[in-house]
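Features of the protein shown, as given by TrEMBL:
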| type | residues | note |
| --- | --- | --- |
| REGION | 1-27 | region 'Disordered' |
| TRANSMEM | 176-194 | transmembrane segment |
| TRANSMEM | 206-224 | transmembrane segment |
| TRANSMEM | 254-275 | transmembrane segment |
| TRANSMEM | 282-303 | transmembrane segment |
| TRANSMEM | 340-362 | transmembrane segment |
| TRANSMEM | 374-394 | transmembrane segment |
| TRANSMEM | 414-432 | transmembrane segment |
| TRANSMEM | 439-461 | transmembrane segment |
| TRANSMEM | 473-496 | transmembrane segment |
| DOMAIN | 524-647 | domain 'STAS' |
Amino acid sequence: MGGSADENLETKDMNVRSLPSSHGQEPYVHKVGIPPRQNLFKEFQSTVKETFFADDPLRSFKDQTKSRKVILGIEAIFPIVSWGRTYNFTKLRGDLIAGLTIASLCIPQDIGYAKLANLDPQYGLYSSFIPPLIYAVMGSSRDIAIGPVAVVSLLLGTLLQSEIDPIANPLEYRRLAFTATFFAGITQATLGVLRLGFLIDFLSHAAIVGFMGGAAITIALQQLKGFLGIQKFTKKTDVISVMHSVLSSAHHGWNWQTIVIGAAFLLFLLFAKFIGKKNPRFFWVPAISPLISVVLSTLFVYLTRADKHGVAIVKHIDKGINPSSVKEIYFTGDFLGKGFRIGIVAGMIALTEATAIGRTFASMKDYQLDGNKEMVALGAMNVVGSLTSCYVATGSFSRSAVNYMAGCETAVSNIVMSVVVFLTLEFLTPLFKYTPNAILASIIISAVINLVDYKAAILIWKIDKFDFVACMGAFFGVVFATVEIGLLIAVSISFAKILLQVTRPRTAILGKIPRTTVYRNIQQYPEATRVPGVLIIRVDSAIYFSNSNYVKERILRWLMDEEEQVQGDYQTRIQFLIVEMSPVTDIDTSGIHALEELFRSLQKRDVQLVLANPGPIVIDKLHTSNFAALLGEDKIFLTVAEAVAYCSPKLAEDP
């Protein structure tokens, strides 16, 4: 008998110990443990650490000498100091090939993206020169390629032109762009320093898929101006306004030579992408195809003088590296607030994109990425960029994918790309004079096509219908209204989902799995049987002020439904209501008040309330509030099985 008891004590399934003994002995019932009380300071310290320092960033500093701590501090701010010590020729070879490959892709893209932001072409190139150098020194991702991206360029261009006309006031527009970039960097760096990176997670994956897809459609439609050779084009970005502008100029505004050039090279770019997808060994084909397109189209226009026949060309790109823009940033006046507002929005979107890209490639290569360090690095590069005539730069998915496929080893590939851009700015910009705008439009259209991730949208529909609503809300908001409205819808629906889940938590009726002491959701396990006279309900959320009243009312509704069913089937009436509390991670004063009201409501119905497996925080608060004494400590159990075992004899005693 003693050996049998010892074996039971060693059994991992604690429910076994709650079974009644066949010899008529009382079952061994475990009391729910109350955690030792922490003093207020330690409790606050623990909460702050878990909220802001969950990754324990200072772990490497423990038990180190002062000199070693200084070195570790420098390495934390400048990761290049750490990996630079083990850098060798083999890594340089991989980075050199990758850097040259992404440079061939970024140069034509940068010129096109600058136009998308309503800036002169050289500002796109500037943004692929300074920011990548800063990131290479401070960033922790080995694969991310830095520079202007389509979505942020469109967002920035749309927000800026709603404040200043880029054609009528180009200087003021440019100054506001630098101001927005400065505050985008400040926002990113601040989030990193204060370790508030979790805020970007409030924009759900579904909302991002929809927003990116809508932005891709909008960007492609904007390129119809250059693709079709239209001179007068709407400044609005919604699909209805754009299509009206395109169709109204069909008879007299389109240029057939421009269309031929654009269509021919778009087909070439798409074919190059197809080759790269079909055979990963030819990843370099879609990477260099934009540069080949620019060279061939520029040569064609120059030789045929197609610009004399209405084909719009780039005309001029300023030669030389980034000039200082310190004095051009608005630090006072009305535009300061506007730049701050635009900068926050652009900075958050850029941060979201870069973080998603960094995490993707870090998981593929199996290394850890410090999100907060990334934010500081991205913020620093945009602050420095704003002072050197750059606009918002971030991680580019297309370039990062090419960087990864080309075999990059470290962030040195960004330095190689930056050097190539430097040489282009110093010596090659005059060669782009005859580059047709149509080829830039074709390059951008081919680049953004992949942003329309219809497969992800289909998967979202299959998995979560509410997520799909968020996805489509963001998509249609961008396509049929504006980028800002689409972004607002995406954020609003993401928050709405959080609020809905917090205010309307799931509850479930539990039943006993046959031949076990396990109790599970009867909807998930139809074979689970209910215990006569006992209703077992599980609450799948913390109980706070926002949902406490709903939880109480939902439990009472379950009880009423069950009583009606029992009366109809002439079964044993419900005498015990067991609340399974293992998923209840926390409870506040409103939640305890709701339990008190539930207890009184059940007393009036002659139903006893029983609790099963409250967690350490919950049981501590139940005792502190005296609710445990009100309920009776003999009605709080470690497991549902023990609670049922307590109720069963009492049901038998009931006449």
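From the backbone N, Cα and C atoms, a Cβ is placed for every residue, glycine too.
Of the candidate ranges 176-194, 254-275, 473-496, 473-496 contributes the most Cβ pairs within a distance under 8 Å of the transmembrane segment (206-224).
The recorded stretches the transmembrane segment (374-394) and the transmembrane segment (414-432) do not share 3+ CB pairs below 8 A when only pairs 6 or more apart in sequence are counted, and are therefore not in contact. Long-range contacts of the transmembrane segment (473-496) within its own chain (CB-CB distance under 8 A, at least 6 residues past either end) are made by residues 154-155, 158-159, 202-204, 207-208, 210-211, 213-215, 217-218, 236-240, 345, 349. The largest share of C-beta pairs under 8 angstroms with the transmembrane segment (282-303) comes from 439-461, of the ranges 176-194, 340-362, 439-461. Relative to the transmembrane segment (439-461), the listed stretch 254-275 leads the set 176-194, 254-275, 340-362, 414-432 in CB pairs under 8 A.
Only residues 6 or more beyond the boundaries of the transmembrane segment (176-194), in the same chain, are considered here, and those with a CB under 8 A from a CB of the stretch are 52, 117, 119, 123, 156, 159-160, 163-164, 200, 325, 328-330, 335-336, 338-340, 342-344, 346-348, 350-351, 371-387, 389-392. Taken through DSSP, the domain 'STAS' (524-647) splits into 63 helix, 21 strand, 40 coil.
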